[in-house]
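According to TrEMBL, the protein carries these features:
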{"type": "BINDING", "residues": "LEU17, GLU22", "note": "substrate binding site"}
{"type": "BINDING", "residues": "ARG107, LEU108, GLY109, ARG110, GLY111, LYS112, GLY113, TYR114, TYR115", "note": "ATP binding site"}
Amino acid sequence: VIAHPKYQESKRIAIFLSMPDEVQTEEIIKDIFKQGKECFIPRYKPQSNHMDMLKLSSAEDISSLALTSWNILQPSDDDTAREEALAGGGLDLIFMPGLGFDKKGNRLGRGKGYYDTYLERCMNHPRGKPYTIALAFREQICESVPVTENDVPIDEILYEDC
């Protein structure tokens, strides 16, 4: 991931805080700060498909985040001091989680449409849609995954030995 050309050229990067069954992102987050890039993480709004990408000030900032009922760390709802990526300079790159992927760029998420809805909002930003890279385990690559017209294909899937 760290040697990837899109990662190297990106300045504003959104990345998920990994759950135990996902590719672990902690070292990538540390590298984002080490390289002087800006790091944004998701804040999901429950009972909706709305998600914002909020700026982290450092890798250590993660320890100040609240744990949701889904066991995901994220900025609390009353945290209004953080920059939202689309309210500022947009994003260059989004690292995306998922349950399954196919080689056509289709992604099976957890069913709420958070990332698809966010990518639609990105398309309305002056910078346009950021490059999207899914981080996956080889076992998550499928022949095909179910998609609907609202699903936004991802640009690239990175997995071991891909």
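Note: Cβ is positioned from N, Cα and C throughout, glycine not excepted.
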**Item:** Alpha-carbon distance [GLY109 (ATP binding site); GLU22 (substrate binding site)] in Å
**Value:** 12
**Sorted by sequence, non-ARG107, LEU108, GLY109, ARG110, GLY111, LYS112, GLY113, TYR114, TYR115 residues with Cβ within 8 Å of centre, ATP** = GLY98, ASP116
**Prompt:** Taking the Cβ of LEU17 (substrate binding site) as reference, which residues of that chain separated by at least 6 in sequence fall under 8 Å from it?
**Reply:** THR25, ILE29, ILE41, PRO42, ILE62, LEU65, ILE72, LEU73, GLN74
**Item:** Neighbouring C-beta atoms (10 Å sphere around the C-beta of GLY111 (ATP binding site))
**Value:** 8
**Fill in**
In chain order, residues whose C-beta lies under 8 angstroms from the C-beta of TYR115 (ATP binding site), counting only those at least six residues away in the same chain, are MET51, ILE94, MET96, ARG107, GLY109, VAL152
**Asked** Once near-sequence residues are set aside, which residues in the chain of GLY113 (ATP binding site), 6 or more away, have Cβ atoms under 8 Å from its Cβ?
**Response** ASN49, ASN150
**Asked** What count of other C-beta atoms do you get within 10 angstroms of the C-beta of ARG107 (ATP binding site), across all chains shown?
**Response** 24
**Complete:** A correct count of other C-beta atoms within 10 Å of the C-beta of GLU22 (substrate binding site) gives 16
